Structure formats: C-alpha cells, structure tokens
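First up is the structure itself, then whatever we jot down about it.
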Amino acid sequence: MFKFATAVILCLVAASSTLAQHNPHWWGNRNTIVHLFEWKWSDIAAECENFLGPRGFAGVQVSPVNENIVSAGRPWWERYQPISYKLTTRSGNEKEFADMVRRCNEVGVRIYVDVLLNHMSGDFDGIAVGTAGSEAEPSKKSYPGVPYSALDFHPSCEITDWNDRFQVQQCELVGLKDLDQSSEWVRSKLIEFLDHLIELGVAGFRVDAAKHMAADDLSFIYSSLSDLNIEHGFPHNARPFIFQEVIDHGHETVSREEYNQLGAVTEFRFSEGIGNAFRGNNALKWLQSWGTGWGFLPSGQALTFVDNHDNQRDMGAVLNYKSPKQYKMATAFHLAYPYGISRVMSSFAFDDHDTAPPQDEQEKIISPEFDEEGACVNGWICEHRWRQIYAMVGFKNAVRDTELSNWWDNGDSQISFCRGNKGFLAVNNNLYDLSQELQTCLPAGVYCDVISGSLVDGSCTGKSVTVDDNGYGYAHIGSDDFDGVLALHVDAKV
C-alpha cells in the first residue's frame, strides 16, 4: 500500500510540474511575446524599458545565449551551433545578459531563452574557435569548453527517412553533432546550463529541435530544473515556462502529442494556415473555427506565430515582412482571436537564407536606430514597432479573458467579431470595399481605430467609429486602404 501511495504521489507531483511548465508567468494582463531576433543584450534592455514595457509586451524570446562557432560571413545560423555553455555571443557577455534580464523583469517583461539541447556544432575542418575563444574539434566530437567527448554523442549518421524515429532522434540534423540526452553526464551539463540561466532570472526556454530528442529524456531534464528565481519577482515554486520546437504537419512519426504534456509546442500548422488565408488562398470565413477546429493543439499548449526566424526565409504560404499589408492583417487576426500563446516576430532585413544580422566592418552586430516615428531604419525591420502590430498587442491586453462572439462574414473574406464587450475587429481581404453596420458589442460611444491611428489627448489620430446604444457601429474598410483591418477596444474610447 505504501509503495502504491508513493507512486501515486510521484505521478501527481510530475503532473503538477508538467502543467506548471505551460505557465509563461506574465505580468498583469500582458499576453504577447516578441522575438527580438539577434538583438544585443544591451539593446534589449533598453527596448524593455523604453518601448516593450510601456506598450504592454509580456516577454522577449532572445537568441541563443551560449558560445557558438564562428562561421565565415557570420550567418544567423551560427548561433545554433554551440561550442560551449559559456554565456558569450555576439549579443554580449554574461554580465550584459544578466543586466538585461534584471532590467526587463523590473518593467514586467519576461525573458525566454532559445536553448540548444539537441546538438553541438556541425563539422569543421580542423580546430574551430567559438565566440568566447574556446577551441573545439567538431570532426572528433571534442568540445573541451563543456567538456564533451565522442562518448557523449550518438554515433554519426544522416537523416534520410523522416518517418524513421531512430534517424530523427539519434542521427545528425543537418550534420550537427547529436548529443546523447540519455547520458548522465550530458544531462548534468544541460541541467547545469539551464539552471544557471534560471538563477540569472529568465522565465523559461524555447527548446530548439525538440522533436529530435526523446520525450522521456526531455521530461527528465525539465523535471530536474530549479524553480524560477524569486528575486526576480517570480512566486515560490514557479516552474520555468517551456515551449518546444516540434515541426508536425500531421503526418510525422514523431508527433507533437509526445511533447505537449511537457510544455507548450510551436504550432507550425497555425503559421501555414494563417499565411494561406491572408494570401487569398483560403476564404477568411473559414477562420470562424480557427484553432482546435482546424486540428491545432489545445490553446494553452500552442505557441502561435505568423512567422518565425526559420520559416520566414522559406518560399511558400508563410507570410513575412515583405508582404506588409497581408502580414499586418494576419497579425491583427492572430492577436485578436482567442487562441494560443502568441509570439510576434521582430526581424532584420534579408535577401537570402543565410543573411547575417546588421553588422559593422568588424562583424560586430550594430544597434537598431529609429526614425522620428520610432520605426527602425538601419537594416532592422522591427515589426513589433509597426503601429498596426504594437496596437494589437494593446488590444490583446484589453480583451484578455473574454470570449469571441457575434462572428460575421460576407460569405467570403470580409469578417468581423467581438471579444466580449471589450473589443471588436473587422477585416477586409476582398478586392471590394467593406461598408457595413456591424455589431461591435461595445458600450455606446466613440472609439478610435487603433490600426489607422490612436487615441491622443482625447481625440483620434486615425479613423473613428460611433457605437450606438445597441452596440452597432458603421465599419468602412476600402479595398485600397493602406491597412485592411479596423480594431476598436475599450481602452481607445474617446
């Protein structure tokens, strides 16, 4: 009986811990993460204080923090080829990272680190040097900076069959040296690395290439981590938020369902589906059942995004900053519709898949610069600073915990819906105007459209909509309007 009771208790503890790993630990009503891709730590700290905190962003996903291989031309993907777990990269050193985490936490913006637990670097001819000066011999699987030796890796093999579980989880993803996460030594070094980041105040982790690691191994690693650091404003016994990169298009041998109980999972079907819809390949009317109705994961288990740093570089349905009108419309819908744990992208300009982040002649990453309206101008795209996007972050905060109601569509690609009695969104993706009296569900009054402008000193700088005593307002979105969206919420009432 004692053994049975003990087993039950252990199962309950594990289940509780797993559930806790779905909690992103946001402040107040904040509920949107931004990925500041390849930004320096000092610049992220300033952005938290000057923009993200005041605009109500909940958190930042940062690029990998540990030492990586130095590759010719400094492509972005060198950050995904570890040499050691020393906290020195082109984004800064450990002191600068710790300062950034502290400053962001102080203004209510949580930090989530992109971590590489699956592998080390790819092959390199001879001695490779990392961003902290560590040397390694990747061809011999020798990484003294950790240290790892060949005994800590799976035997080398290529992934040629993506339906072969052994290949997917024990062979080398694009030639990257594949760690053996069942090894006690490897586990200890990974846990030590993650625990150090927790000590510095991070709120959680985006786990790169999670599907290439056995779920049981990841479960052991996650459950062995320390609680979050209460000195950074986290409650006692808070567990790190985990969201895992698992690419699953619905026909994968290694599926998302193996990982969604361990933490949230990146819902790539969301990205593809929303891209298809706003590119005009699917009528927007079908988005009424968006989310689980489309076969997506349960809302609290899905990390959702229009694009990410990988798929924005691929040809296909996925939208990126190069299609700005459709991208802003898709992002507005993403942040208005009550599904998923939302992340928005903040990119740098690229002409090909390997383009490096903006850098100077010494190959040092440069800081973003801003024009008089706050937009980035020197190679950084900064979608999160586009008014149409940061305004929808505010919309999402204003309508948090409300339900979708009063869906309307024209049978094609003009849609609208309410979020409780706090918000209203209308979208026009047709080649003709939307001009319609629509139920906004809002209290009577005049509301500023936060897409075309904002509420400043008691008046609207863009469009406005007058809502009558029955909740109806006249919405007009021209087919040739700069933006195909209209958004109203209670915090933008005149």
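Each residue, glycine too, has its Cβ placed from N, Cα and C.
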Task: From the candidates His212, His232, give the one listed by Swiss-Prot for the same Ca(2+) site as Asn118, Gln169, Asp178.
output: His212
- request: Pick out which of Cys376, Cys418 Swiss-Prot lists as the disulfide partner of Cys382.
  value: Cys376
Record-annotated chloride site (Swiss-Prot): member among Asn163, Asn260, Asn308, Asn378 besides Arg206, Arg343: Asn308
Message: With the disulphide bonds as Swiss-Prot has them, who is the partner of Cys48, out of Cys11, Cys104?
response: Cys104
Query: Sorted by position, what residues of the same chain at least six away from Gln21 (pyrrolidone carboxylic acid) have a C-beta under 8 A from it?
result: Gly204, Tyr222, Arg239, Pro240, Phe241, Ile242, Leu262, Gly263
Cα-proximity to Glu245 (active site, proton donor), 10 Å cut-off, over binding-site residues Arg206, Asn308, Arg343: Arg206
Message: So if I measure Cβ to Cβ from Arg206 (chloride binding site) and keep only same-chain residues at least 6 apart in sequence, which ones fall under 8 Å?
response: Gln61, Tyr112, Val113, Asp114, Val115, Phe243, Gln244, Glu245, Thr266, Leu303
Query: Cβ distance under 8 Å to Arg343 (chloride binding site), same chain, sequence separation 6 or more: which residues?
result: Thr32, Ile33, Val34, His35, Gln61, Leu303, Thr304, Phe305, Asn308
- prompt: Around Glu245 (active site, proton donor), how many other C-beta atoms are within 10 angstroms of its C-beta?
  reply: 20
- prompt: Other than its own, how many Cβ atoms are within 10 Å of the Cβ belonging to Asn308 (chloride binding site)?
  reply: 22
Message: Give me the sequence-ordered set of same-chain residues, not including Arg206, Asn308, Arg343, with a C-beta within 8 angstroms of the centroid of the chloride site's C-beta atoms.
response: Ile33, His35, Gln61, Asp114, Phe243, Glu245, Thr266, Leu303, Phe305, His309, Met345
